[in-house]
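Features of the protein shown, as given by Swiss-Prot:
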- 6-123: domain 'Response regulatory' (DOMAIN)
- ASP57: 4-aspartylphosphate (MOD_RES)
- 159-351: domain 'CheB-type methylesterase' (DOMAIN)
- SER171: active site (ACT_SITE)
- HIS197: active site (ACT_SITE)
- ASP293: active site (ACT_SITE)
Amino acid sequence: MPKKIRVLVIDDSALVRQILSKGLALDPSIEVVGTAGDPYIARDKIVKLQPDVLTLDVEMPRMDGVDFLRRLMPQYPLPVVMVSSLTQKGKQITLDSLDAGAVDFVSKPTSDIARGLKAMLSELCAKVKLASTANVSHWKAARTVVPARLKTLEKRALAESTDKVIAIGASTGGTEAIRKIIAQFPATMPGVVIVQHMPAGFTRLFAERLNQLCAMEVKEAATGDRIMPGRVLIGPGGFHMKVVRSGGFYQVRCEPGPPVKGHCPSVDVMMHSVAKHVGGNAIGVMLTGMGSDGAEGMRAMREAGARNLAQDEASCVVFGMPKVAYEMGGAHSLVSLDSMAPRIVDLLSERRI
């Protein structure tokens, strides 16, 4: 019989702890080994109960979830799924939590509580099971500093790259990976389009946060936005983002639609459009994430002449999307996260005969 996933539920509300515990216990592969009302109690129970995964409330008294994560992860890295409110403050703290090492998050329902609660618990069970397979070992000890922007490569990279498009897809663990890569790009980098699996409301905050950290302009995409050097467009949650050609330039179209491979926005949708309209002028990048979204689109990009990279297993939180993309022939090579930005710049500067 397979070993059950041992979960510790951390929330300051006794009612929420009870609801989450009962919901998780309905899954035969999950065992709730304990609950904690605040991070101080949680710290002791982590040592005593040795859980495989934590669920953690975003906003708590005494110490919020982010501060707890920042203290926990360097000493005792564990996969953590955040339970978030959809308030503006809750969204901000959720993104802080992902930066601090949380694997994923679920949002508490705000309307139609009965139906919303059932959906949230189902999502929580799925994400706890995914989190149990996540690689969080790189959080052990001191966190690495984001490398300096690649200023010395800037002039060389620009030689033949003014009409290039860089298309990046990511899911679980992707926010941190994207930040590390984009923060190294110079302001004159070719246009970048990104699909990160994330609900509506979170993508705008994610873009705003990246915009404060990066030399490039970063914004949540809207239909009609031009793809141009120095700009990064993040696909909005709840909309598929497609790249189209309009005269002499590229722009994006953001449209609602059914989930593709379970996601909206979908990496496949974006990459298929890049294959069709950008072809050999594109570079594709597949980062950490569960599942296979983007693998077919990346293969189409390669067949259209694009050069593609996928994140390697050792640096992924979840080696799913990059693995499938590489195995299906979409990615030319597997690259570590630390080497990804320099490798992209190298590809931009290569002459193609």
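Including glycine, each Cβ sits where the backbone N, Cα and C put it.
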Distance, SER171 (active site) to HIS197 (active site) (CA atoms, angstrom): 5
Spatial separation of ASP57 (4-aspartylphosphate) from ASP293 (active site) - C-alpha basis, Å: 29
Alpha-carbon spacing, ASP57 (4-aspartylphosphate) to SER171 (active site), which is rounded to whole Å: 21
PLDDT averaged over the residues of the domain 'CheB-type methylesterase' (159-351): 95
Tertiary neighbours of SER171 (active site) (same chain, Cβ under 8 Å, six or more apart): GLN196, HIS197, HIS263, VAL267, THR288, GLY289, MET290, GLY291, ASP293, VAL318, GLY320, MET321
Around the Cβ of ASP57 (4-aspartylphosphate), the count of other Cβ atoms that are within 10 Å: 27
Most crowded position, judged by CB atoms within 10 A, among HIS197, ASP293 as active-site residues: ASP293
DSSP residue counts for the domain 'Response regulatory' (6-123), split into helix, strand and coil: 57 helix, 26 strand, 35 coil
